[in-house]
């Protein structure tokens, strides 16, 4: 093996040496005599490749200057041909590239058209939205929320009551339930105090109304005992499950049972008071953030502006 490797190195150095004459082609086939192995055939192919490259390099380096001048054309004609050849090669590189000038131009035109079309459609869509927003449908009041509607309930004396029974009066509505531990009592006390303050300051009568959102437990008797604790003018309303659901939906009131354990449960609900005009039309709502004074002053202001 060592002798064979040494022999191969000698042959490779001779093939790669440019200054020495190359071994004749007939000497190379002797390599295959190393046993007829694939290694010998592979080395034969590599040796022929290196031999051809070295022969070309040697012939180019040994060419005399005159021959080189004649090959390039000493009278300048060769320069013209070389220039034309370079221009032709440059043209081929552009035409043979991945993107030609024509396709690039088409891409620019198409992209510009898409941008213009998108911008135009965007402006048209914005204009349509503005027109829809500014359009007022017949029969709708401007600036008034669609809150309120007809209802049929029972008051705390067991008598049927509808929204028509409150016509001609300013009404303040609150939705809650009698088993509420803290929020409902606080809001009803605030409502009662604001009603008295409105009458004292502006000599205006406002009817306070409590509507339950727990019809299963808030019977007529339960509601009657409950409203007496806050104000003598407070009217309590109750009804069936469907009737309470209907009135709550009309006034956009949210309510849901929580922490249910047998018959003991709480009701999560909206904490809002609704001010209704003498036609039982919605005017304004007041949240928990209003105290007694701000609630009374706000109601007085709304009533005076609507007169």
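Placed from the backbone N, Cα and C atoms, the Cβ positions cover glycine too.
Range 99-118 is the one annotated as transmembrane segment, of 39-58, 59-78, 79-98, 99-118 (source: TrEMBL). Neighbour counts were taken as the number of other C-beta atoms within 10 angstroms of each residue's C-beta; across the binding-site residues 180, 184, the minimum falls on 180.
Per-residue pLDDT, averaged over the domain 'Thioredoxin' (140-305), rounds to 93. Other residues of the same chain near the Cu cation site, with their Cβ within 8 Å of the Cβ centroid of 180, 184, 269, are 175, 176, 177, 183, 187, 213, 267, 271.
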